[in-house]
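Peer 1: Following this message is one structure expressed as structure tokens.
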Amino acid sequence: MSETSVREAEIAVEQKHVDVVYTRVAEMRGEAEAMRDRGDELAHGARNEAVFEQAAMLFERDVMVRHANQILRSLDAEHEGLVFGRLDTTDTETMYVGRLGVRDSEFDNLVTDWRAPAAAPFYQATAEQPMGVIRRRVIRSTGQSVVDIDDDLLMPEARQETMPVVGEGALIASLTRARGENMRDIVATIQKEQDEAIRAPWRGVTEITGGPGTGKTAVALHRVAYLLYRDRRRMGGAGVLVVGPSPAFTSYISRVLPSMGEDTVELRSLSDLLDGVKATRTDPGPVAAVKGSLRMRRVLKKAIREAPADAPTELRIVYHGEVLKLDARELARVRASVHNGRRPPNQSRVDAAEALLEALWRKAESYEDFPVKRAELITELGERIDFHRFVVVWWQLLTPGEVLRGLSDRRRLARTAGRGLTRAEVDLLADSWADPEAGFTVADVALLDELRVLLGRPPRRRHRSRDNQLPPPREDYDEYSHIVVDEAQDLSPMQWRMVGRRGKYASWTVVGDPVQSSWPDPAEARQAQEAAFGGPRTQHRRFALRTNYRNSAEIFALAGRVVTHVATPDQLPHAVRSTGVDPLVQVCVEDELDTTALKAAADLLSEVDGTVGIITASSRLPGLRTAAEGLGEDRLRVVDGLESKGLEYDAVVLVEPGELVAESTTGPRTLYVALTRATQRLTVLTTDETWPDGR
Ligand SMILES: Nc1ncnc2c1ncn2[C@@H]1O[C@H](COP(=O)(O)OP(=O)(O)OP(=O)(O)O)[C@@H](O)[C@H]1O
């Protein structure tokens, strides 16, 4: 038989099994729907039962409905091939592996869930350690039709003649496919080193490091699906949070978990981790560096002790014919004493009123023959409406946003910062908050979150927010059972505090590449990170990924040449796939950079089937974005270096590497990120004839 007919015959064999599976899945769907309906009936019936029976029925109903919905969700997930693998083993067993476990009506296995221990050899068996696997087969389908198969022969000596082997490797086939709008799952081709990280126990901190394109993000997301499958009660109950660098990134990865039937996981970016705030701006590097540093904690702690700018500076009250007066210094002393108390300011207004009354009594006491006693004064003044009005404006309930905006006043900021910030830093920060219309930046979100905790939750009914950006603070942020942090190398210490607050009782998966870091003080970030994990004694597990699955070998070779001063050769992963096409480095004059970029993008759009990205310094971004819109191409994106983190395109036009480097102190690392976004084609436009070797 020719190779093609062997392949076709084998595809037909697999199609037969896949058909059986889908028939069974249709039956299971019917059973699950019936179970859900039965649950609803139970609830209905419960209303007519005695209380005791009612509770039991409602419990049963809840379990039933939840279970049925879970089954329906996984059955309805957008499967790109429900059955994707087959193992033929030495004990003559055949096992099919898929996105979901399916048994026939006799309870025999039709498909084993990829996350089940029995499926592990599908990912872990190698020619050196075959684990009894003779042939591993990846089955590729479109909808319910099998379109291709790819085999790996792991034990040639054990293979029988009736066992054909076809295909050139499923991994390479999968890596070569065009990239679309969203990241895809990799369940069919997870590699051994990745599988070990995915299946690591949930406890403590699992750190996954690796160079660009090593599948860190993919691994972290598959690990979430694995943990939810293995320990749904613990993980699902309190929830899983995945934190990524930008909304573009969370949107890019948003389909991966649902495609594995998991739609309960919360994906957030650092700019929208705090409910009610959506930061759309980023600060220039030096400003973000100050805002992210732990020194800001002290500044904020002092800021909440300051009187609001519009607070009255004198209290005058006429009582029993006398004027009782507290001047600015006396008021400041009262304010400080209330702040020294146990409660946060938004919960201290009653304490503030009491302290003022006490201070007024001390005034009254100093007058000769003052006609009333302490208790009387406190009761009477405490009930006076003018006194209440004063308290409300003098001890205002503040929102985090109000406090932060208050710091745009340079003098106030310098006073609060003391020696914690230099004058230049005070100027940078005050300028960044100067425009009240501008909205908050990504780095501000961590500061607002810090303030939320420092200020405390205002008493519910009394508080009316003057800052309509923020709803009253939530206090249930610390309830997640597992937190995944992607691109962890870039979190500032203040951002680690914000994320850590949400994971007080959580286990962690932390993913990053130290070489791609754009954070200027890694030691401080490391310290904040340790604190977020619950101290240095928390159990750590480390996995290093060493194969770059994204870039062609030719593209990564260029990135490797450019990156020599930020990474040593042993830190660089190995790119497995060659396209035979070298990146194009094109020199042009400054005035023509933008037009040449658009032209290069148009060329690449015609060369690749998937997405094309133009990556540029942020100064060039608005102009290029508008110009690119003119091309009317929905496969084209324009992003700056930082935005490109974690994303990938089939082809990339990188505009003026020198500008990306010059943009910030961590420019060389940003350039490394930008150079490693393309899977197939890369064009670099530069005005520097000596690039890449000249610098
Ligand atoms: N085992 C695999 N099978 C198929 N594709 C894979 C595999 N591992 C990774 N990939 C693909 O390689 C690309 C890079 O993966 P991913 O984005 O997870 O890498 P990363 O390490 O997070 O990259 P970076 O840090 O550069 O953003 C993705 O397209 C991913 O689907």
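Cβ atoms here come from the backbone N, Cα and C positions, even for glycine.
Just lifted these from TrEMBL, have a look:
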type	residues	note
DOMAIN	189-552	domain 'UvrD-like helicase ATP-binding'
BINDING	Gly210, Gly211, Pro212, Gly213, Thr214, Gly215, Lys216, Thr217	ATP binding site
Peer 1: Across the domain 'UvrD-like helicase ATP-binding' (189-552), what is the average pLDDT of the model, as a whole number?
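Peer 2: Per the prediction, mean pLDDT sits at 90 for the domain 'UvrD-like helicase ATP-binding' (189-552).
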Peer 1: Suppose we draw a 10 Å sphere around the Cβ of Lys216 (ATP binding site). How many other Cβ atoms does it contain, all chains included?
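Peer 2: There are 25 of them.
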Peer 1: Same-chain residues six or more away whose CB lies under 8 A from the CB of Gly213 (ATP binding site)?
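Peer 2: In sequence order, the residues whose Cβ lies under 8 Å from that of Gly213 (ATP binding site) (at least 6 apart) are Asn548, Tyr549, Arg550, Asn551, Phe556, Pro573, Ala575, Glu648, Thr676.
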Peer 1: Residues near the ATP site, Gly210, Gly211, Pro212, Gly213, Thr214, Gly215, Lys216, Thr217 excluded, by Cβ within 8 Å of the Cβ center?
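Peer 2: Nearby residues not in the site list: Asp513, Leu545, Asn548, Tyr549, Arg550, Pro573.
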Peer 1: According to DSSP, folded down to helix, strand and coil, what is Thr217 (ATP binding site)?
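Peer 2: Once the DSSP labels are grouped into three classes, Thr217 (ATP binding site) ends up as helix.
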Peer 1: Far apart in sequence but close in space: which same-chain residues, 6 or more away, have a Cβ under 8 Å from Thr214 (ATP binding site)?
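Peer 2: Those within reach of Thr214 (ATP binding site), by Cβ under 8 Å and sequence separation of 6 or more, are Asp513, Leu545, Arg546, Thr547, Asn548, Tyr549, Pro573.
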Peer 1: Can you tell me whether DSSP puts Gly211 (ATP binding site) in helix, strand or coil?
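Peer 2: Where Gly211 (ATP binding site) sits, the three-state DSSP reduction gives coil.
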